[in-house]
Amino acid sequence: MNRADARRARPAPEGRPMSGPGPLPVRLDPPVDPARDHVLGEPGADLTLVEYGSYACPHCHVAHEVVAELRDRLGDRLRYVFRQRPIRAEAARPAAELAEAAGLDGERFWHAHDLLMRRGPSFAAGELDAIARELGLPPRERGAGPWEGAAARVREDVESARRSGVHLTPTFFINGRRYEGPWDAAALSEALLGSLGHRLHAATLDFARWAPSTGLLLVVATAIAVAIANSSAGAAFTAAWQAPLGLSLGGRGFALPLVQWVNDGLLTLFFLVVGLEIKRELTVGRLASWRAAALPMAAAIGGMVAPAALYLLVIPAGPLAGGWGTTISTDTAFAVAILVLLGDRVPVDLRVFLTAAVIVDDLVAIAVVALFYSGAISLPWLLAAAAVTALLAGLNRAAISAAPPYVALGALLWACLHAAGLHPTLAGVILAVVTPTRPPPDLRALTGQAQAVLEAELRRAREGVLRHGPSEPALRALDAIHDRIESPASKLLRTLDPWASYAVLPVFALANAGVAWVPGALDGRGRLVAAIVLGLVAGKPLGMFLAARLAVRAGLAVKPAAYAWRQLAGAGALAGIGFTMSLFIAGQAFPDPADFRAAKIAIFAASLLAGVLGALVLWPRRSPAAEAEALPAPEGSEVDAAGT
């Protein structure tokens, strides 16, 4: 159901613009070793600043001045470590090797470092040789003096930069953790000294980047809801969620139970996030090409048809027959959390497969809610909703990207859909469709514009004109550049995704997962429980596996060699963790509280069984022979002069 975990859990392959680069490592690898690293300052200082830089990088020369200011501010409390990460410039690697050679030949690294920082970032022909002679180094000949060892040290630093996720220079690590703030001395000093705000920000980022974090929050929220529901406060807890909440004006009002505000209101934000992700996948993501999408699409369709068919086989008719929708969806937060906890037992390609399949799941689940779980349709309000949708589409066509008109019309659309008898969460999906997108920006042009603006402000600062920071025209220009870098749809997704993952879904679990176990809770509802459990635990993996095999046999899809059919079946078993979306559809399908209670128990049991089954199937590692067959032969390559 939620793919934020999936994005954190997998690296993005080339040509995959959906998620940008894969998640970068947060920790320095390897840690600082005073016996190997170049350390400036007290070896036992309590603050450590590590910089990956290049002598041919102009930004590193600016950072050099900032580091000097930090050392003046913090004194003996700070130790500074410089590691080489040569950029793509002709003199970058020779300059790095020169500094390392000076360190090996008489421990003069910092002398060479300062010389190179003063004279760079551009070095004239023969200038590096002149610096080497000034330092008393022997001629640069292969195997002569310290040069061979220096080249090896640069390669080691480049490999360290790769493992630490360094993709630009300079990159800083503070006390072993990646620093992602501004490069000015004040911000770096605040981070080094560990202000409360910085520590809270760092802890929040660490938790959000941990792939199982959303699943963990859902588990905690569910456990709290179940515990309270089965305690002496259970009745009050249930009554609180049923309390009406709304607005009234002049004798007129609009009110809904609190739980309905959660299910119809808050979940609209979630459906907006889902819609934005589906839109991006269909345009530039994993479902943009038939070859990439064929296998997960086939598996997803089989994984929805088979569970629904098994459910209807057990309950073919009657008031409970409408509950088949509870068996067709997957809670990605839990499924991906288990995949991540299994570590390298699960190939990255398998995570990609499951995530793409769930995107199709979500798309169909949205259609199912709209078509099968809406109330009686009011034609006037339906026409009003269509008119609002047309206005939203007009905003898109007019290239209006400001948020307020979309927010206002989105709220109006929600009200029209609610009054029309359709599920109002569809407003989120419609908003996702009409939110503007645009082609990727010309980063070269925008970089030049930003540099021109900032250089003009820098000149004004030197002339003493600026007293209170950049001028208002400069700030407006920088705001316009920033807005152009990211499309409105991407920006909206990036903004709302954490709220959907860490606020909306846990609140939904609190409001809906609290099931009180009472004697006779399942009396007369054994077939309902069996239908849901059978659909999720057996139907999901069976349908996904058979549909995928059929698609491959028919030549419609190709299975990656990185994972075996057994592992695909294990992913199918994990797809049986319905939970949040299953609970949501169950709330629409079973108006009788007793039926809903039994359905919740069945969904809990099925999700638990599916998770255990999937983990057991995926636990065995592939044999070495199978791994050798599955993976392409490694290509020998050396680190190039850019350190990549």
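Every residue gets a Cβ built from N, Cα and C, even glycine.
Segment annotation: Swiss-Prot labels transmembrane segment over residues 570-590 (candidates 549-569, 570-590). Counted over residue pairs 6 or more apart, the CB atoms of the transmembrane segment (528-548) and the transmembrane segment (322-342) come under 8 Å in at least three pairs, which marks the two as touching.
Cβ atoms under 8 Å from those of the transmembrane segment (502-522) belong to residues 1-2, 208, 213-214, 217-218, 220-222, 224-226, 228-230, 234, 237-238, 241, 258-259, 262-263, 266-267, 269-270, 333, 529, 580, 583-584, 587, 594, 597-598, 600-601, 604 of the same chain, restricted to positions at least 6 beyond its ends.
For the transmembrane segment (322-342), the partner stretch with the highest count of Cβ pairs under 8 angstroms, out of 217-237, 254-274, 390-410, is 217-237. Scored on C-beta pairs under 8 angstroms, the neighbour of the transmembrane segment (414-434) with the top count among 217-237, 363-383, 570-590 is 363-383.
Residues 1-2, 240-248, 362, 366, 414, 418, 423-429, 431-432, 492-493, 496-497, 499-500, 504-505, 507-508, 511-512, 584, 587 of the same chain lie 6+ residues outside the transmembrane segment (254-274) yet bring a C-beta within less than 8 angstroms of a C-beta in it. Here the region 'Na(+)/H(+) antiporter NhaA' (199-644) has a mean pLDDT of 85 out of 100. Beyond its flanks by at least six residues, the transmembrane segment (295-315) meets 286-287, 321, 323-328, 330, 353-354, 356-361, 364, 527-528, 530-532, 534-536, 538-548, 550-552, 556-559, 568, 572, 575-576 of its own chain at Cβ-Cβ distances under 8 Å. Here the transmembrane segment (390-410) has Cβ contacts under 8 Å with residues 427, 430-431, 434-436, 483, 488, 492 of the same chain, all six or more residues outside its ends. Same-chain residues lying 6+ beyond the ends of the transmembrane segment (217-237) with a Cβ under 8 Å from its Cβ atoms: 331, 333-334, 501-502, 505-507, 509-517, 579-580.
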